[in-house]
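These notes are about the structure you will find just below.
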Amino acid sequence: MVRLAIVVAEFNYDITQLMLQKAVEHAKFLGAEITYIVKTPGVYDIPMILKELVAKEEVDAVATLGAVIQGATKHDELVATQAARKILDIAVESGKPITLGIIGHGANRIQALERVEEYARRAVEAAVKMARRKKALREAKYNGSTVYID
């Protein structure tokens, strides 16, 4: 069973709370155990929590959830881009899958609401698949024919 953590940004909470509900439902459907749900003030704060979560033995993968809504300036672009970069950095450094379920940049509130379920489900599904495939790869042995991990 995959032990999954979820990190969800509180900013744009009307959207991210719906994302969290959909993510939890989908994790249960996939048979994953949710070991932690951690809220951060915003998307930009997610990487700091990730550093702590990936160090925990009871976390195999993490799904991140958030919504960065377009404003009058390029602030949304800065927040989403920097958060995504750091999230990937932490995943590579830790060797644990961390998936990006962050809506934006450039999305308006209506677009974000339309994407709630899709982004939440995809983030959870990718985290669970990656954790399972990493485990399968660790346990795989090459014996002269192609090893296929799916």
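We count from 1, first residue shown onward.
Glycine is no exception: its Cβ is also placed from the backbone N, Cα and C atoms.
Copied over from Swiss-Prot, here are the features:
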ACT_SITE  His75  active site, proton donor
BINDING   Phe11, Val43, Tyr44, Asp45, Ala67, Val68, Ile69, Leu100  5-amino-6-(D-ribitylamino)uracil binding site
BINDING   Ala72, Thr73, Arg115  (2S)-2-hydroxy-3-oxobutyl phosphate binding site
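A map of Swiss-Prot features onto the structure.
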{"residue": "Phe11", "record": "5-amino-6-(D-ribitylamino)uracil binding site", "Cβ contacts under 8 Å, 6 or more apart": "Pro41, Gly42, Val43, Gly66, Ala67"}
{"residue": "Tyr44", "record": "5-amino-6-(D-ribitylamino)uracil binding site", "Cβ contacts under 8 Å, 6 or more apart": "Val79, Gln82, Ala83"}
{"residue": "Asp45", "record": "5-amino-6-(D-ribitylamino)uracil binding site", "Cβ contacts under 8 Å, 6 or more apart": "Ala9"}
{"residue": "Val68", "record": "5-amino-6-(D-ribitylamino)uracil binding site", "Cβ contacts under 8 Å, 6 or more apart": "Asn12, Val43, Asp76, Val79, Ala80, Ala83, Ile102, Ile103, Gly104, His105, Ala107"}
{"residue": "Thr73", "record": "(2S)-2-hydroxy-3-oxobutyl phosphate binding site", "Cβ contacts under 8 Å, 6 or more apart": "none"}
{"residue": "His75", "record": "active site, proton donor", "Cβ contacts under 8 Å, 6 or more apart": "none"}
{"residue": "Leu100", "record": "5-amino-6-(D-ribitylamino)uracil binding site", "Cβ contacts under 8 Å, 6 or more apart": "Thr64, Ala84, Ile87, Leu88, Ala123"}
{"residue": "Arg115", "record": "(2S)-2-hydroxy-3-oxobutyl phosphate binding site", "Cβ contacts under 8 Å, 6 or more apart": "Ile103, Ala107"}
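Neighbour counts were taken as the number of other C-beta atoms within 10 angstroms of each residue's C-beta; across the binding-site residues Val43, Ala67, Ile69, Ala72, the minimum falls on Ala72.
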